[in-house]
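Record features (TrEMBL):
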type   : residues : note
COILED : 491-518  : coiled coil
DOMAIN : 7-235    : domain 'Glycoside hydrolase family 65 N-terminal'
DOMAIN : 291-675  : domain 'Glycoside hydrolase family 65 central catalytic'
DOMAIN : 687-728  : domain 'Glycoside hydrolase family 65 C-terminal'
Amino acid sequence: MEWLIKENIFDKDKIELNGNKFLIGNGYMGYRGTMEEFSKEQLVACNLSDLYDKVGDKWREPVNAPNGLLTRLYCNGELLSVLSSDIECHEQELNIRNSTHRRYTKFITSSGIKVEVKAERFLSLYNLHLICMKYSFKASEPCDILIETGIDGQVWDINGPHLINIETYKREDNCIFHAITNENKNSLAIAERIEIGFGSEVYDSNSYNSFREISSSIEADKEYTFVKYVSVFKDRDDVEDCVGVAIESNEAAVNLGYDKLLEVNKELWNQRWNDIDVEIEGDDYSQLALRYSIYHLMIIAPTHTDNTSIPARGLSGQVYKGAIFWDTEIFMLPFFLNTKPEIARNLLKYRCNTLDGARRKAADYGYRGAFYAWESQDTGDDACTYFNVTDVFTGRPMRTYFRDKQVHISADVAYAIWQYYLATGDESLLVEGGAETIIECARFFYSYGYFNMDKNRYEILDVTGPDEYHERVNNNAYTSIMVKYTLEAALACIELLKAKYEKEYINLNLEINFEQEIDNFKDMFEKLYIPTPDKETNIIEQFDGYERLENISLEKLKERIIDPNEYLGGGNGLATTTKILKQADVVLALNLFKDRYSEQVKKSNWEYYEPQTEHGSSLSACVYALLAADLGKVDWAYKYFLKTATIDLTGDSKQYVGTLYIGGTHPASNGGAWMTAVLGFGGVKASEGQITMSPKLPESWTFLKFRVVHYGQKYSIKITKDQITIKADNINHKCNEFVINGEKLICNPGQIIEIRY
Ligand code: IFM
């Protein structure tokens, strides 16, 4: 039961939300949870990773592939659609165990014929280019049916259309759709093939669609079934003849057959779940929500490439320009790092691969080093616009400073690369671009920082921290703490290269001439001003002058809102002049550096900032959950855990900022759910070969069970209210040290240890 997401009625008002909620994916593409008869008006989308396009002066965004699953069934000339027909019953189901989407609808035609339709679909993990669907129907009386099925090229676009030079034709039993993108002329091909044992077929096409019309007289109460295979290829997949390989891919699918492909898919998903599942006993809702969050992370994980990373809305659509934000490094990476480090490596390698884009951005702004894009796409250049929000009152674009001033993005990238090294011990990423990236980020901060001669200290001025409502502030605590860590990581990286990779060290120095910078890094590291806890209150001021802002409750601030979608930050925003923050800021820094701050400082700041936080970003709740768990505030942690883990189940999140649609899935929240369960309630801290655990389970959880991989060694861990059981995999070849209750333990390969806590 904790693997099924279900809706038992059709609700027109939920079409958009269910498109996200019932999303399936395989990292190469995501297919929204829409009905087979739907079209772009219902936001059908097959969202592709790693293909972007720009039309005119509109935003650059990812390209949706034409919909190869379009299927419309007519009974005696009458279209059967949940949008227009009478329905006796309707079910939509997503099995997250194996990413399979099902629908069942019983239609009643105007003449009273009952027609049952079943459809099942999945995206193959075995062949990432392949979409498979099985479609069945049965009528209560003999009738004439017509099936329109094929490729619908009229796709949902926010800033499209992206495809030009469209060619539609039939070749070797395949409906073909081929086009190139508008900007870079990338080739994209979709081939659709059908296995059907009844009816007569006529192929049809026009400038957008490539499809078949199958007609047949059918008997009463007999089930008719056909299967569709759809293959999607783009030249960015290193393929020359996209149409040719798409046809071959369908041919291979036909040879294996739908049932075999489904069986293989289930087995591949089973293998995935062996490493990633987290079991909770005693709380079915949390269990489902947590698995659902993990599911969402896995369906968008780029297992196949390091040319791309995970966008802020995953593969659910084109929102946020399909761009990769700091969400990935700070909120999603820990899940991958602790369960699938090879995927974590891909995500970080993408940052190394886009270093030149970050260099270009730094240079554009007159700095040295690497200033990562706030919204990064294929090249690493910034897709974020200067006017990112439209004012709901005037309809005018507002100048925002996400792009220019959220410099912490470079520190987040450097931090994440170094975390990868600390969690895996794998130096290869550092050697293959990771060290260069960290050093270039440090160089950027040295050139961005301001040396205050009077105070003999470096300061980081004119920035926007995670709390985006307060733009262009000085000495934002989160940013400065992260900058200091970047410098620390850069210096450690340089030492490591020098000691172990002399040749690479010399070559890198020849390339980017960093040696002359080392003393600068050291100086800045030592003299960088970091806002410290106030001696009396322990509060770390979020930025210079924050304390002087209006002290108002969130409730009171909300009473001032005129339009539900008005933007609370920026120049005129309601929150700008107040202490209300959009999302965790200081609390995030305290969470990332838990071991560097006292219990009292963490507690005081959590209690101070929590009532002032609007959680206007889906990145916020999990941070409060994590620090609450660390502080033993388990009820609070649980409340925020549910908020973060259920975001895509309930659809309970902001859908608009100004006039900008921001709906879709929330992988950062999903990552936050995993972090809260394992790192928060499980109390796991794993770094440099040592795993510390101090669990605090919520009241109703009788046990929590999960797997972690650290330094390449895998463990199954079960936590009950008073005992921790650790089992080291038999194939482990090294021992990490566990620290529980201050006691150090070694868990040898194959060994099980039990300890009361
Ligand atoms: O990265 C976030 C940011 O912190 C808040 N606004 C939305 C972005 C994408 O999730």
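Glycine too: its Cβ is placed from the backbone N, Cα and C atoms.
Counting residue by residue with DSSP, the domain 'Glycoside hydrolase family 65 C-terminal' (687-728) contains 0 helix, 27 strand, 15 coil. Cβ atoms under 8 Å from those of the domain 'Glycoside hydrolase family 65 C-terminal' (687-728) belong to residues 274-283, 286, 338-341, 422-426, 629, 632, 634-635, 637-638, 641, 677-678, 680-681, 734-741, 745, 747-757 of the same chain, restricted to positions at least 6 beyond its ends. Among residues of the same chain six or more beyond the coiled coil (491-518), those with a C-beta under 8 A of the stretch's C-beta atoms are 418, 427, 430-431, 434-436, 438-440, 442-443, 446, 525. Over the domain 'Glycoside hydrolase family 65 C-terminal' (687-728) the predicted model carries a mean pLDDT of 97.
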